[in-house]
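Record features (TrEMBL):
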- 18-30: compositional bias 'Basic and acidic residues' (COMPBIAS)
- 94-172: domain 'Cation-transporting P-type ATPase N-terminal' (DOMAIN)
- 1-50: region 'Disordered' (REGION)
- 147-172: transmembrane segment (TRANSMEM)
- 184-203: transmembrane segment (TRANSMEM)
- 334-358: transmembrane segment (TRANSMEM)
- 385-414: transmembrane segment (TRANSMEM)
Amino acid sequence: MSTPSSNGPLPGLPASGLKHDVEAGRCSTKEDDDEDRVSSPPGPFDITHTKNASIETLKRWRQAALVLNASRRFRYTLDLRKEEDKEKRRRMIRAHAQVIRVKGLSHLLKTNLERGISEDETDILKRRNAFGSNTYPQKKGRSFLRFLWEAWQDLTLIILIVAAAASLVLGIKTEGIKEGWYDGGSIAFAVFLVIVVTAVSDYRQSVQFQNLNEEKRNIQLEIMRGGRMIKVSIHDLVVGDIVPLNTGDQVPADGILVSGHSLAIDESSMTGESEYVHKDQKAPFLISGCKVADGVGTMLVTGVGINTEWGLLMASISEDTGEETPLQVRLNGVATFIGIVGLAVALSVLVILVVRYFTGNTEDANGNVQFIKGRTSISHVVDDIIKIVTIAVTIVVVAVPEGLPLAVTLTLAYSMRKMMADKALVRRLSACETMGSATTICSDKTGTLTLNQMTVVEAYAGQKKLDPPNDSSKLHEVVTSLLHEGIAQNTQGNVFVPKGGEDVEISGSPTEKAILSWAVKLGMKFDVSRSESTVLHVVPFNSCKKRGGVAIKRNNSEVFIHWKGAAELVLDSCTRYVDSNGQFQPIDEEKDFFKQAIDDMAARSLRCVAIACRQHDLDSVPADEESLDKWVLPEDDLVLLAIVGIKDPCRPGVKDAVKVCIEAGVKVRMVTGDNIQTAKAIALECGILHPSDDASEPNVIEGCVFRELSEKDREQYAKKITHYAKEVMLLL
């Protein structure tokens, strides 16, 4: 059988198929192109740009053609298999090169990527002296003399100063220095008092504002030093530190990515671009001042303070504290308007009285005309004019309310000090005024109404409840092993065991700490559990998905995917559970038991978290790093391992505070991401919801239900909502 020539049509395809030969190029005529364009629609293998077609496209095209002696047919074209292998090698080389670069940089900085720098103060001081501290120079605040200068430039005060000077001169001229200075001196003293008090108040507000800014910038963050996670001030960060990054964190300094999973950074504060920038081995550089929008990662600090882009930017910015409250603006406007009107009236009166005087229409106390042309002496004219000017000045002094803006400033400053005494940080005076108009307070639950000190107080594994919850003797070794593996790997927390036999140190979010502490009591060896497997991919926990997962590969090449999150959501994804004998059993018949357990715990204000896993085929795991980073972990067909109930006690004094708000006419609403039963229990405990209240819609509503309502219904529901569950923000 003859083989087709290298330029002939392919068997199994029409001759026009040559037009679409990706690798041979386009060789049909223009007329053929036009005819084909009219007669046949684009096919699934039509390719617009053939020069740089992807390997996947070429492979799909070749697989669609029936070719005899394919090796000969494609002998002068691209070898796709070799090209794929070459691309894999390139990616591997790039990944290894990045690892080598990071390791080389850490070696130069004398940093252990696993344990961080040492906690030795001498080493930290050397780094601070060599690379600088994580602070930047602040512009000095305005001096007290500057505030004095600004205080007297108010139009109202300028009018009063002129009036005081005129009154002083006229008084001394008409009544002598002994008694004539009273009026002018009194006005001058009042103006001086207003200027000094205003300057003092503004100066103290400026100093307070600077202190609040310092407090705001003094962010506390966790870093790795000496093999354990410690909490330090952002100002204590030094070059060489290892810093974990989680969703919502601010990048504390310039650095390079050591490792990360689905890490997306919001760099809009530096670049102005609203698009999130994904960080990986190809783009590992992190800029201080940016926010972590999604994912998790670990960074090596390479620049701090003024040696960073953010430091240079902040050093050139000075924050102004000259903002006035809305009430101050309105009152100052009223005072200025009254002052202008008073000045206009005074000038009008002055003109009218002068005209009447010189036209002979004014008389003295004896009924004689005050001014007669050619007969009244100049000294008498001057005295009479001074009296007329004195009347005009008096009108100005009486009309201008010089004490009104000062009274408002003093009142708001007093309110600010009172709020500060109650541990409420007041950044602007206008906040005091705004808070006075508040009718509703929307409060988060965790850490606001509660102490944010969580402990596992109840646990279910298999078909039974663990009592006490840390009794590992009631767990089969299969469950224990999977729990230890899942909790150790599916966490952003850390467990540090001191060598001296001291208490174990656990770091992470409150929920992470509670679960890690529970696992340690069950016998988990954190470092050992992590060393027995390698993390392939991480799906960080976020408030939208209500769950977080991790894919790990054991040392024996088995792949497991572990999930942890809101109990009712994870339970819906489970098809099996592990019984007391360590056997996997269908969960259908036992699902009601687990749902009832969740409802019972939620009714007692416990946060319910479920832990589950599933095995995965190693061949289905993406081979290259780029595909692995985009891998969507399967969430179905899970095996339920355990459900735990975490107690977060109410903060002392919350119930009394809620009562005070309600008595003052301020409605308190709770916004939480917890189970609706847990939210109801906490609301009852805090006094937001009373036992006699109707704990159903619309008083209590879930976010998904609220979002499906029409705009009109939302407005009606919003007036009645007491607390809002399964959401992190309230839209009214």
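Cβ coordinates come from backbone N, Cα and C, glycine included.
Automatic prediction, not curation, is the source of TrEMBL annotations.
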*Against which stretches of its own chain does the transmembrane segment (334-358) lie, if we need a Cβ under 8 Å and a gap of at least six residues from its ends?*
155-156, 159, 370-371, 384-385, 388-389, 391-393, 395-396, 398-402, 404-405
*List the helix, strand and coil residue totals of the domain 'Cation-transporting P-type ATPase N-terminal' (94-172) as derived from DSSP.*
52 helix, 3 strand, 24 coil
_Sequence-remote partners of the transmembrane segment (147-172) [C-beta within less than 8 Å, at least six residues beyond its ends]_ = 179-185, 187-188, 190-191, 194-196, 198-200, 202-203, 206, 332, 335-336, 339-340, 342-343, 386, 389-390, 393-394, 396-397, 400-402, 405
_Return the average pLDDT for the domain 'Cation-transporting P-type ATPase N-terminal' (94-172) as a whole number._
81
